[in-house]
């Protein structure tokens, strides 16, 4: 579950870097028809290619990046009974969910957390923190693992990549329309694209990407409810509720890097506008949704 902010940050970085490289190479000149007006058809194709390209590059490297960022120890040969139990539990849940066996790992953090990421249902990683293993009993850890396996089985990362690709396309498209307008109307540049276009486009990309993340975060919150339900089916509803209640009782701040904080099962807390940018619903809402499920 530690996937959203790292995915978004990687996407934004790729879009900005691509914009800089393309500008330096002069590729963006194809978007200026006759030196006066934008070729909107070419712009839309350009935006879609690089919007979806950035999104799927992020997806392709998500597992590798998560391993490096969180220093995950992937369990290949179990060193103890705990690692053996983790492998057996994930293997059983993956079989029940109808997916290939994910890699299973542990990362060192006092923060009770877990995440799933990967390119596809059959090429995924499920990892838990040492803090989660220390603070939760076996039933609760089983429920958390079920939640993460459900994310993989639901294809959340691929779906997120598609949504992010659409969002990226509009961000790139609209940013260049705004840049073109500022360059022509405000700075009265009548030929080609001047510095105003370049600067405005980069700033607009960042602003639009932040605003567009509200859409992605809303989607993420809905998928969390679905993953909770999946975890309840794989491990048992009471176990899933107990795990979330244990997380709610934890008041220590997250020890994850800022760009990874929303990937974890704990999620975050926020009210008002801040809630729009949360990748997870409040734990209270998630617990209520589970309790409302039919037994």
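The backbone N, Cα and C atoms fix where each Cβ goes, glycine too.
The transmembrane segment annotation in Swiss-Prot covers 4-24 (among others) and rests on sequence analysis.
The transmembrane segment annotation in Swiss-Prot covers 42-62 (among others), and the record cites sequence analysis as its basis.
Positions annotated as Zn(2+) binding site by Swiss-Prot, on the basis of sequence analysis: 147, 151, 224.
The active site annotation in Swiss-Prot covers 148.
For 155-175 (among others), the entry in Swiss-Prot reads transmembrane segment, with the evidence type sequence analysis.
According to Swiss-Prot, the feature transmembrane segment maps to 197-217 (among others).
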C-alpha spacing of residue 148 (active site) relative to residue 224 (Zn(2+) binding site), in angstrom: 10
Neighbouring C-beta atoms (10 Å sphere around the C-beta of residue 151 (Zn(2+) binding site)): 26
Residue 224 (Zn(2+) binding site) - helix vs strand vs coil (DSSP): helix
